[in-house]
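Structure first, commentary second.
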Amino acid sequence: SVDDDEKSLSSLEIIVPRDLADGFVNNKRESYVFKFQKIFDQEAKQDVVFDNIAKPVAECVLAGYNGTIFAYGQTGSGKTFTITGGAERYGDRGIIPRTLSYIFDQLQKDSSKVYTTHVSYLEIYNECGYDLLDPRHEASRLEDLPKVTVMEDPDQNIHLKNLSLQQATNEEEALNLLFLGDTNRMIAETPMNQASTRSHCIFTIHISSKEPGSATIRRSKLHLVDLAGSERVAKTGVGGHLLTEAKYINLSLHYLEQVIIALAEKKRSHIPYRNSMMTSVLRDSLGGNCVTTMIATLSIDKRNIDESISTCRFAQRVALIKNEAVLNEEIDPRLMIVQLKKEIQELKDELALVTGKQRTSELSQEELLELDELIETFLEDNDPDSTLDVGADMRKIKYCFIHVKQLMNHSKISDKKMLSQHISEEKDNTKEAGEEELKKLKELLQQRDNEINILVNMLKKEKKKAQDALFQLNAASAGSTVLEQSLSINLEESWSPSSCFSLKDAKDFSSSVHRLPFLSRQTGGKMSLGCQEAFEVFKQDHADSITIEDSKQLLKQRFTEAKCLGEKLNQVRNKINHLKGEITQRHIQRAALAVSSPSEELNTLDPVEEKLRMQIEEEKKSYKTMFNRLKGLKVEIEHLQLLMEKVKMKLQKDFEVWWSEEARNLQKEKPEMVSSPNTATVYPQFIKSSQHLSTNSFSETTRVSSNEDPAGKNSSITSIGSTSILSYSRAPPTSSTSIPLTGDSQADADILAFIKARQNILQKKGKSCQ
């Protein structure tokens, strides 16, 4: 029974007669009376409910206060119908769409302020938050939506991470967002209700308003909460997955009840907001800065009498809580800066009117000179009662203090001492810097001299090598058989046709040496120009140069293949995204068709969607194959790059060792080196490979006893390691020659033995070498 006689509150009485079968002693309560601000029966229309419940809260939100409306009750009692509404008739619209219409209608009428409206839709399912308005994609399953987490700042303000805030400029955009969120909600069929919402949903409207020219901004938010059904698990008759849902629902509602009980008790210092996600999100709404209204929905049926009593008891506890709502205003810093600048200018103008002078930020030149004279007079005056009067101008007072401080710090005596000390220190520093600079220049000059000598010797050696090879080739082709017969007696067993030095190779190498000054030079390296040129020549003969070139070609091929694979991967990814977009459009079309024609089955299998999903799976397989190949290419490219770096470092180290040996040998030049007008002095360490004659495999290698007399004056011999090349001198037998030695005892012994053997042959034959 409902009693509306009292003017202030309506009361609800529930009578439960005792069951005689329970026994003779039965103290069970029969009558329950609950008081509410307003009670609606089953025939109440949605517009009446909105005018009595939601409209006052919406007006407070427009004024700048926070507001919350949440529905609580058992499954099937009408919570979702009250909050969201029915889809069959326009008159069945619930509190959320009617509130949106009312708010945007009021915003259009009020032209005195600038309003900005945003909307968010949060679903809490099994203690996990999900964003129902995710702008990136429309999910087919709840798990596909982005998860929302609760974060708290040092001021104990709650922030929801990953919850999107969508701007709604008019009623149509806001209703579209509401429809999108309702489509993504988790709905399941239970014995109590065929389309029961199995989660808590919080639809929030954020409004910010500002008057033109004002520095204050008002921010307010309205939470519209649809709680999940509260009923005993045993009564629902569910199991498995639905049983787990029911446990989570009842647990979160239990924590909500704990918070309500703690807030109703005035002596409680701790409120357990953090026990569940819903109580954390609704912290401000339940016991803080908010205008909160609760709707308790009852199912008037004899079977549900216990659930109805439990719902009414919970509503009575909520009614005991008193919130203190305050206006949410804050100052816009940009407008405040503009106002302060304006105020400063007005004060400057007012000061100019009082003093009769226009105040500027800096003193004029005349005022500065006048202040300098006043300060000098004040300092020279011996009268202890004298004062320095500059008026009530802070700029002049500050300038006087700064000037006096400078005079104290830079007196004449200290200036002279500091000046003389500074001059002497400057002279010493200049002298030391000059000596260091001279030393550095000397070292640099010595280094350049060494480099020039090494390069010149290299050039002479290469040129001499090419000339000798060319001369001997010509001599061999001209038919100098006399020399071959005379030498074959002692040298026949010593021929070693290991390799050949052809005429073409000699010309190529000679031309490459002549092009030394035009070789490419590294501008950013640490090597000098001469050292770089020597490095280029050294690199041509090094065995690792071929490895470097091969690695470069292979690396280039791998880079090209990786680039092609990357382009194909992008094409496959774009195609997958396009197919997903087509599935999304298909979902929206089917959802709209289901709303317009409820008789159509929404859950029937869509063959077009199945075909699109099969295409997506095929594209994913090809994408995975190409991605694995690209990953393998990346590993191979990194390996090739590492290999090239190692080879380059080895090549550079070999060159540095060789270069340091050449510089050391140049400085410790042997005294037995005697130069001749007919032959050039050559350093044998420059040549790393044996020299041979190519025509008819004509090469000469001799190994004779080292006990012979070292004197030989009829020919000139160039020694290269343990290999000797015979060169002919056109000078008379008595002409002076040079015999450069290598420093190796075995090689020097071979050279001297060869000279002795050659002299014996020439003496026997009685001929001179041409």
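Heads up, the Cβ atoms here are built off N, Cα and C, so glycines get one too.
Here is what TrEMBL says about this protein:
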type     : residues                               : note
DOMAIN   : 1-321                                  : domain 'Kinesin motor'
BINDING  : G73, Q74, T75, G76, S77, G78, K79, T80 : ATP binding site
COILED   : 424-476                                : coiled coil
REGION   : 697-718                                : region 'Disordered'
COMPBIAS : 697-708                                : compositional bias 'Polar residues'
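What TrEMBL annotates, mapped onto the structure for a quick look.
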residue : record           : Cβ within 10 Å
G73     : ATP binding site : 26
Q74     : ATP binding site : 24
T75     : ATP binding site : 24
G76     : ATP binding site : 22
S77     : ATP binding site : 26
G78     : ATP binding site : 17
K79     : ATP binding site : 25
T80     : ATP binding site : 26
